[in-house]
Amino acid sequence: MKKPLGKIVASTALLISVAFSSSIASAAEEAKEKYLIGFNEQEAVSEFVEQVEANDEVAILSEEEEVEIELLHEFETIPVLSVELSPEDVDALELDPAISYIEEDAEVTTMAQSVPWGISRVQAPAAHNRGLTGSGVKVAVLDTGISTHPDLNIRGGASFVPGEPSTQDGNGHGTHVAGTIAALNNSIGVLGVAPSAELYAVKVLGASGSGSVSSIAQGLEWAGNNGMHVANLSLGSPSPSATLEQAVNSATSRGVLVVAASGNSGAGSISYPARYANAMAVGATDQNNNRASFSQYGAGLDIVAPGVNVQSTYPGSTYASLNGTSMATPHVAGAAALVKQKNPSWSNVQIRNHLKNTATSLGSTNLYGSGLVNAEAATR
């Protein structure tokens with residue numbers, strides 16, 4: 001759906017006998033929450049929306065019950081609707097055989113920790129000396145936006161954060177991530193892993209540093225629709241989402257390499273979406289090549305990169321040092337851009353496997369995955 005949908009009321013063909021004592025007026029006043037409704041197939045989504053619109057704001061589940069829904073977004077490439085409805089109505093809707101799941105549109109946050117190097121450690125300058133700087137490679141930064149900065153060349157983007165139409169960064173996190181990927185090779189500031197890569201600011205997190213699954217899924221959809229080669233997701237949630245997994249899978253099927261932060265709780269399992277099979281999960285290391293104490297690890301961890309005291313661009317044409325797997329992830333996204341420039345015909349899967357195969361082993365795969373990303377070895 002290419003434009004926002006107004007407030008409407010959904011109906012289903014099911015006849016459900018559920019006691020319903022509230023009036024229509026009181027039902028309309030019930031507090032609604034955001035949900036994601038997954039359907040078994042795309043055609044079912046269209047039929048559901050058509051039925052809703054034809055029902056003229058009256059959803060009749062049975063003689064006793066009506067359900068009011070506000071449609072927020074219909075995804076183009078996955079069979080999912082973003083909606084608002086009363087939690088009390090979820091169980092009734094889930095009985096529709098066309099609906100495969102209904103899940104909360106959960107909050108997702110940045111993976112930065114506190115106020116905190118790594119380009120030389122991943123040996124990016126050696127690749128630069130070979131003429132590999134990420135030229136012609138499109139990298140989408142799904143984050144808090146990217147602020148205008150003399151050390152960054154932002155080529156475009158889009159915002160999927162309600163109430164924040166600008167892609168400018170009101171938080172700082174996204175600007176910092178962008179600099180690690182592609183800070184310019186000029187006379188000022190810092191140097192990125194892929195200084196000639198094309199940066200796209202895809203705003204999916206608000207100024208508070210948090211956002212929703214639906215915003216991130218829309219950002220991934222945008223990345224697929226706009227020919228992005230790499231998508232950096234320095235964000236995550238402890239909770240799985242079927243919608244987010246579908247969005248990752250869809251973007252991957254359209255050629256996007258999805259690179260995501262493993263998480264900052266220090267736990268022995270990684271966060272979502274990094275845990276999904278089609279996302280490249282990145283953990284963080286310190287200056288001694290040890291796992292950063294906060295870096296989540298475990299099954300599914302693909303690779304690690306510097307994530308402690310990482311200096312990069314920041315809003316206000318300034319620079320800052322930050323810690324987090326959020327800071328590690330863009331090192332890998334930048335390295336992917338270098339590999340893509342050298343091997344333009346390679347698929348996202350080939351690039352991912354090559355980065356893992358050329359990483360510097362640091363020990364246990366449980367703690368470090370394939371090892372420390374090595375831009376020099378990856379671009380030989």
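Glycine too: its Cβ is placed from the backbone N, Cα and C atoms.
Keep in mind the model is a prediction, meaning the values are calculated, not measured.
In this view, Asp143 (active site, charge relay system) is surrounded by 31 other Cβ atoms within 10 Å of its Cβ, with every protein chain counted. Per Swiss-Prot, active site, charge relay system is recorded for Asp143 (among others), and the stated evidence type is sequence analysis.
Swiss-Prot lists His173 (among others) with the feature active site, charge relay system, giving sequence analysis as the kind of evidence. DSSP gives His173 (active site, charge relay system) a helix state.
Marked as active site, charge relay system by Swiss-Prot: Ser326 (among others). Under the three-state DSSP scheme, Ser326 (active site, charge relay system) falls in the helix class.
For Ile188 (Ca(2+) 1 binding site), the count of additional Cβ atoms within 10 Å of its Cβ stands at 11 [all protein chains shown]. Taken from Swiss-Prot, the feature Ca(2+) 1 binding site covers Gln113, Asp151, Leu184, Asn186, Ile188, Val190.
For Tyr276 (Ca(2+) 2 binding site), other Cβ atoms within 10 Å of its Cβ number 22. Per Swiss-Prot, the feature Ca(2+) 2 binding site maps to Ala274, Tyr276, Ala279; the stated evidence is similarity to another entry.
The feature domain 'Inhibitor I9' is assigned by Swiss-Prot to 34-111, with sequence analysis given as support.
Residues or ranges marked as domain 'Peptidase S8' by Swiss-Prot: 116-379.
Summarising the annotation, Swiss-Prot assigns signal peptide to 1-27.
Cβ packing within 10 Å was compared across the binding-site residues Leu184, Val190, Ala274, Ala279, and the lowest neighbour count falls to Val190. Among the recorded positions listed (Ala274, Tyr276, Ala279, Ser326), Ser326 has its Cα nearest to the Cα of Ile188 (Ca(2+) 1 binding site). Averaged over the domain 'Peptidase S8' (116-379), the predicted model has a pLDDT of 97. Taking only the Cα positions, the spacing between Val190 (Ca(2+) 1 binding site) and His173 (active site, charge relay system) is 16 angstrom. Comparing the recorded positions Asn186, Ser326 on other C-beta atoms within 10 angstroms of each C-beta gives the minimum for Asn186. DSSP assigns Ala279 (Ca(2+) 2 binding site) to a strand. Neighbour list (Asp151 (Ca(2+) 1 binding site), Cβ cut-off 8 Å, at least 6 residues apart, same chain): Gly179, Ala183, Leu184, Asn186, Ile188, Gly189, Val190, Thr313, Ser317.
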